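Residues annotated as transmembrane segment in TrEMBL: 12-32, 38-61, 82-104, 110-130, 137-157, 163-188, 220-238, 244-266, 278-296.
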Amino acid sequence: MKTFISDFNKLVKLRLTLTVVFSASISFLIGANQQGEVMWFNWILLTLGGFLVTGAANGFNEIIEKDIDKLMTRTMDRPLPAGRMTTGQALVLSVFMGILGTLVLVQLNFIAGLLSVFSIFLYAFVYTPLKQKSPIAVFVGAIPGALPPLIGYYAAFKSEGFGLAYASVSEAAVVVTPLVLFAIQFLWQYPHFWAIAWVADEDYKKAGIRLLPTTKKDSVSAAMILISALLMIPAGFLPMYYGFGGLVFTIVSLLGGIAFTWYGYQHFVQRTDASAKKVMYVSFLYLPLTQLVLLFDFNPF
């Protein structure tokens, strides 16, 4: 049983899945704050549905990549390449999680359920095979990677048919706020994933995966990491600009963006794995910190 639980955790990429669920759950609470009512049972359903949908997407990803996972040190101990789980078993688990998770999210809000299906498709069946073909995979992967805030935010709203409860909130609340949350998480993924790709480049090359902008650890790729890190500074001002982010959030985001840029610049100068790891560690801290601060410094429309 312990082996199955361990393998299940690796199949769904537990830490990644929990990070995604955290992002969606915080956005749910922001959406609930907008309405002035937190439906905690729905929050529990969101975390469950979000976990299942994300786990399904990661399961499909590992099924597709089971052969190349054998080639990389960081992935060869996953249950499929290690032979501890069959493709059929992984497929049954992934399909079950995908269907059940989508049904849970649809019950909360139709748009949230629709976005979850789109996220599974784009991540597992477009981004995953594209990783071996072109660095544009990072752009494609950033889209499903930025959908959790949208899914979580919309899940906080009561459905009316196939839409949202527009009568209870302003149009800006169901358009501007979630799109800004999406934009911030979308932009954050570039320095985050490029830094990871730099550190893991030798391992990725064994499997033919190309995620760095030029497919090489060169000055252009380092410059792209710096530029993408720099973009986090203006991105942090978007909530205040549109009227729903407070001063505390803006200051924290600005400091985070400056830290991103500083370490991005250091990496551009040094171009080492150690400097890339610093960018990566900043990215790990930036997103959950700013999301939590926004939750407590949110100004409803």
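Glycine is no exception: its Cβ is also placed from the backbone N, Cα and C atoms.
What you are looking at is a predicted structure, and each value in this text was computed from that prediction instead of being measured.
Same-chain neighbours of the transmembrane segment (12-32): 38-39, 42-43, 46-47, 50-51, 54-55, 58-59, 62, 97, 148-157, 177-178, 181, 185, 287-288, 291-292, 294-295, 298, counting only residues six or more beyond its ends whose CB sits under 8 Å from a CB of the stretch. Sequence-distant contacts of the transmembrane segment (110-130) (same chain, at least 6 residues past either end, Cβ-Cβ under 8 Å): 46, 49-50, 53, 56-57, 60-61, 64-65, 98, 101-103, 136-137, 140-141, 143-145, 147, 150-152, 154-155, 159, 161-164.
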